[in-house]
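Reviewing the structure listed below.
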Amino acid sequence: MGVIDMVLFWVLLVNALLIVDASSRNMPFAYQNEMQRHCSSTKYTSLCVQNLREFRHGSLDGLDFVSFLVNKTISDSNLLIPPLSSSMGSSKLVSLEDSTYTLPSPSVSDSCERLMKMSTRRLRQAMEALNGSSRKRHTKHDVQTWLSAAMTFQQACKDSILDSGGSSSASAISHISQKMDHLSRLVSNSLTLVDTIMKNPKPKTKSTALPRWVTAGERRLLVGRARAHVVVAKDGSGDYRTVMEAVTAAHGNGKDLTVIVGDDSATGGTSVPDTATMTVTGDGFIARDIGIKNIAGPRGHQAIALSITSDQSVLYRCSISGYQDTLYAAALRQFYRECDIYGTIDFIFGNAAAVFQSCNIFLRRPHGVKAYNVILANGRTDQRQNTGFALHSCRIRTDSDLSPVKHKYSSYLGRPWRKYSRAIVMESYIDDAIAEGGWAGWLDSGDEVLKTLYFGEFKNYGPKARISKRVTWEGFHSIGFEEANYFSVVKRRNGEDVTNGFKYKFKIKIQI
């Protein structure tokens, strides 16, 4: 760099600092005070202050601060990944500085672009909910859910690039990862402000049979009884003499008869998300009495049966069957009632706010001598995300292939996929196939994660439900009634379950 260039550089730097200092001095004291107060509670305080210094509306409303931060995240997301031209020979991911890095393959680029569009969609939902009259139509839980999902999709984009490994340059991977981390920090700060500023709605005293967002037609679909099409009578007066004859003749009317089947797996070179037999993205998805299988088998490694990124989704009396990574409960609010879920390693994974109520959880025989089973692998990356998994009134048991040899393999309730992983098991039956410690660590994640995770149990029963034998991690909790109620779908009165048949509320602080 020449002398003139050096002098010019320092002149520009000093001017920039003077402008920043002047902008701070020109801010009203009340605004500066509010900005500092709110930002002091965030994880990335300096970034929060830096962003809010750009806010020129002079509002002291904390929600306007949040709205500005969310809008900033949207703007930076759009700068990071513009629409990719399908005619390009190689896909490009554009940085915030407009320099380009070639991604390893079009499939990785397409996946990342899709995830970032999903992230931006949820950011826009949160933005709309924070603006003016919309604030009355949406709750704090809604905004937390959409911001949490936006961060989850950003992390998934980063993961897809990191998993591409040696096919991309180290500099490209590092550069793009840093940009994703920048976006996640912006969302983290927004989540913190939402958590500290917004108020929860007052609980309604009237109990509702189904979530408030389920329509009248959907209620009838879920709780209604089907009209009889055939009659079974031993004396021959009906359509069939035995139940088995009627079942055999049926063309599909239940989770074992109407089944969607796939066999993609990671061993065939397919990316893990793309192995899914069925992928659901539309909000308000409802499934009843249907089966979804991935039959790649235990040698197929990761092979998803069902992947869901649908907000306010409900699955009732469904069967979800696979081995490793069976159910990808990726993001947003999900509820599973009376479902059968089969698998081996991390077979319920993702970062949704998902509750599994009165479900059968079947452990299968894993492949390999040193193989083991893990049910829950939650991917919560920020302590302000309102995500996590809860098993409530479930039965954890072995499938027929594992039962004869279940003591040859270790099986666990869950393990921490991410730093702030959260999982609860309550009022559930725990088979003796589960290890006494109950929970497992994540490979080489270290001791720090054992402090930041949140695993809890409440009033479980069965041969391996003894809390006294559980892991002694700082992040493991034997929770009481109040904490259990916090994670329950159905709230109780005076310790009594107020459920009546298929009735539930879709509102917990993992916030369903």
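Note that the numbers count up from 1, one per residue, in the order the chain is shown.
Even glycines carry a Cβ here, placed using N, Cα and C.
Here's what Swiss-Prot has on this protein:
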- Gln302, Arg415, Trp417: substrate binding site (BINDING)
- Gln324: site 'Transition state stabilizer' (SITE)
- Asp325: active site, proton donor (ACT_SITE)
- Cys339-Cys359: disulfide bond (DISULFID)
- Asp346: active site, nucleophile (ACT_SITE)
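Where Swiss-Prot records a feature, it is marked here on the structure.
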{"residue": "Gln302", "record": "substrate binding site", "Cβ within 10 Å": "24"}
{"residue": "Gln324", "record": "site 'Transition state stabilizer'", "Cβ within 10 Å": "30"}
{"residue": "Asp325", "record": "active site, proton donor", "Cβ within 10 Å": "29"}
{"residue": "Cys339", "record": "disulfide bond", "Cβ within 10 Å": "22"}
{"residue": "Asp346", "record": "active site, nucleophile", "Cβ within 10 Å": "24"}
{"residue": "Cys359", "record": "disulfide bond", "Cβ within 10 Å": "25"}
{"residue": "Arg415", "record": "substrate binding site", "Cβ within 10 Å": "25"}
{"residue": "Trp417", "record": "substrate binding site", "Cβ within 10 Å": "22"}
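Distance noted between the C-alpha atoms of Cys339 (disulfide bond) and Asp325 (active site, proton donor) is 16 Å. The record gives Gln302, Arg415, Trp417 for substrate. Within 8 Å of the mean position of their Cβ atoms, the other Cβ atoms in that chain belong to Asp325, Ile345, Asp346, Phe349, Val374, Ala377, Trp442. Checked against Arg415 (substrate binding site) by C-alpha proximity, the recorded positions Gln324, Asp325, Asp346, Cys359 yield Asp346 as the nearest.
Spatial neighbours are here defined as Cα atoms within 10 angstroms of one another, and by that definition the neighbours of Asp325 (active site, proton donor) among the recorded positions Gln302, Cys359, Trp417 are Gln302. The shortest Cα-Cα distance between Cys359 (disulfide bond) and any of the recorded positions Gln302, Asp346, Trp417 is the one to Asp346. Largest Cα-to-Cα span within the substrate-binding set Gln302, Arg415, Trp417: 16 Å. Under DSSP, Arg415 (substrate binding site) is assigned to a strand (E or B) in the three-state scheme.
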